[in-house]
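For reference, TrEMBL has these:
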type: TRANSMEM; residues: 21-41; note: transmembrane segment
type: TRANSMEM; residues: 53-73; note: transmembrane segment
type: TRANSMEM; residues: 94-111; note: transmembrane segment
type: TRANSMEM; residues: 117-134; note: transmembrane segment
type: TRANSMEM; residues: 139-156; note: transmembrane segment
type: TRANSMEM; residues: 184-205; note: transmembrane segment
type: COILED; residues: 198-309; note: coiled coil
Amino acid sequence: MDAFEKQQRIESINGIIKVRWFIVAIIVGLGFILKAKYFGWVGGFQGDFLSGYLKMGAFGLAAFGYNFIFWFFMRRLRRRPIEKISDRALNIMAALQIIPDQLMFTLVYYNTGTVDGMSFLFYFISVFLASSIYKSKGIILTGLLSGFFYTGLLIVEYQGLIPHLNTYQGVTLFGSPYVTRGKIISFIFYIGIMTFAAAFLSNLIRNREKKLREQRDQLSGQTQLLTVQTQELTETRDYLHEALTKSDKARSELEKTKEEQQKTNLELKAKLEEVEKYGQVTTGRELKMIELKDKIKTLEQRIGDLEKK
């Protein structure tokens, strides 16, 4: 069993233990009421006033006792991690939720007059409880066990191996082979229908749970995939954010560099203008010097010509 199946089995066992408290209390309370109100109702609780109630109380105490042991064991079992709980322990506890009840119902059925009473209906309770904890195979085995206990008790009683206890004084259906045969056939028929219906509904519910589990696992896988994709998108977003931050920083530095270049260009332009002005001034002076030299040369030639004359 996986962890999910173990958890389901534990919850089912705990649910049966809780329900059993009410079932035992109701059965014992009903017995007390019938004993007190209907004085003709005796069955296996014959004798004086006190002994009948003590016997009923002993039955109830026995049922409460083993249910308390189950409750105490499951309480300790729940303290363990689900992975450390063995399948064997859960299977044994699951089996013990049915077999002691079947034995107790058989004792109650015998002490309330068997064919004269209606206590055979308690066997249906065990099949109902089995449907909450077992699959189809377990439910069918519970139904067969109910039929075995019921049929075996009637046969043993009819053969005179154990005494018959009348439900009401002076009134009994015991001893008639037709009644005994009819009771057995009717019970097998009814318990068979109950077992089939319980197995069918249990199988239907378990298949639905299986589909829901598969859908849950599928959704879990999709959720994990979405988580991975979300992480990847987050990483991509952080990378893009970091890249944009670096880009903004680079753009700011580029703009700063551009401004510095523009400033430098303006300074160079101003210096170039100064150089051009200086060059123009220098060129004008040179032209004037050349012009003066030409004039001086012309004057020297004239002076030379005059001296020759």
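Just so you know, glycine gets a Cβ as well, placed from its N, Cα and C.
Same-chain neighbours of the transmembrane segment (117-134): 9, 12-13, 15-16, 19, 23, 27, 43, 94, 97-98, 101-102, 105, 108-109, 141-143, 146, 149-150, 167, 183, 187, 190-191, 194-195, 198-199, 201-202, counting only residues six or more beyond its ends whose CB sits under 8 Å from a CB of the stretch. It is 139-156 that, among the stretches 53-73, 139-156, 184-205, forms the most Cβ pairs under 8 Å with the transmembrane segment (94-111). Within the model, the coiled coil (198-309) carries an average pLDDT of 76.
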